[in-house]
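Student: Here it is, the structure, as structure tokens.
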Amino acid sequence: MQKVVLATGNAGKVRELASLLSDFGLDIVAQTELGVDSAEETGLTFIENAILKARHAAKVTGLPAIADDSGLAVDVLGGAPGIYSARYSGEDATDQKNLQKLLETLKDVPDDQRQARFHCVLVYLRHAEDPTPLVCHGSWPGVITREPAGTGGFGYDPIFFVPSEGKTAAELTREEKSAISHRGQALKLLLDALRNG
């Protein structure tokens, strides 16, 4: 099996990708297991940051790398929190603080102007100098609610209402979410690209 470094320390992401990519002869290992520190995310887009993370992991380990960069873009806020989604409420950000800050920011915004999208970019680099990385982008439209609902998922899921499902992302089962989410879409594109060589 070809060992591939996943540019994350998130055990959940590692497990998810490892099970899906094992069929392609890829052995997914978290960068933290290989002693790789996180890359500095200096890009201004999800694509730039995913490439920075993948290139850093590939350079340090000498292995192919996969990286993910994702976040929430709210239309009325010009795409914010965007690439700053995980640290929207500041240096000591938590999911709860980020969610509360977004609800407070949108408190006077009418219901018909609360559209948002989750974005996920997955990048696969064959090596650190790969000039043609695989870049896969998934986008998931929804609406920001006024109150949290549901206990599943993480991040902004409790306030991200999915009109097609009639519930928030936090109220979806893991299987339901994976089938339609931004990350699920990006992962499907990556699997298709790997399958087709």
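Backbone N, Cα and C define each Cβ position, glycine as well.
Found this in Swiss-Prot, in case it helps:
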BINDING   T8, G9, N10, A11, G12, K13, S70, F154, G155, Y156, D157, K177, H182, R183  substrate binding site
BINDING   E40, D69  Mg(2+) binding site
ACT_SITE  D69  active site, proton acceptor
Student: Sorry to bug you, but what's the C-alpha spacing from N10 (substrate binding site) to D69 (Mg(2+) binding site), rounded to the closest Å?
Tutor: 12
Student: How many Å lie between the Cα of N10 (substrate binding site) and the Cα of E40 (Mg(2+) binding site)?
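Tutor: On Cα coordinates alone, these residues lie 16 Å apart.
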Student: C-alpha of D157 (substrate binding site) to C-alpha of E40 (Mg(2+) binding site): distance in Å?
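Tutor: Spelling it out, the Cα of D157 (substrate binding site) and the Cα of E40 (Mg(2+) binding site) are 26 Å apart.
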Student: Under 8 Å between C-beta atoms and at least six apart in sequence, can you list the same-chain neighbours of T8 (substrate binding site), or say none if there are none?
Tutor: V14, A30, Q31, T32, K53, A67, D68
Student: Based on DSSP, name the secondary structure state of T8 (substrate binding site): helix, strand or coil.
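Tutor: Assignment for T8 (substrate binding site) reads coil.
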Student: Take the C-alpha atoms of H182 (substrate binding site) and E40 (Mg(2+) binding site) and report the distance between them in angstrom, rounded.
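Tutor: Spelling it out, the Cα of H182 (substrate binding site) and the Cα of E40 (Mg(2+) binding site) are 23 Å apart.
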Student: What whole-number Å value do you get for the CA-CA distance of G155 (substrate binding site) and E40 (Mg(2+) binding site)?
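Tutor: With distance taken Cα to Cα, E40 (Mg(2+) binding site) is 21 Å from G155 (substrate binding site).
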Student: Show which residues of the chain containing S70 (substrate binding site), separated from it by at least 6 in sequence, have their CB under 8 Å from its CB.
Tutor: F46, S85, F118, H119, C120, V121, H182, R183
Student: Check E40 (Mg(2+) binding site) against DSSP and tell me helix, strand or coil, would you?
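Tutor: DSSP assigns E40 (Mg(2+) binding site) to coil.
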Student: Which one, from the binding-site residues E40, D69, D157, has the smallest tally of other C-beta atoms lying within 10 Å of its C-beta?
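Tutor: With the binding-site residues E40, D69, D157, fewest surrounding Cβ atoms within 10 Å: E40.
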Student: Identify which of the binding-site residues G155, H182 has its Cβ surrounded by the largest number of other Cβ atoms within 10 Å, counting every protein chain shown.
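Tutor: The most densely surrounded of these binding-site residues is H182.
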Student: Kindly assign G155 (substrate binding site) to one of the three DSSP-derived states: helix, strand or coil.
Tutor: coil
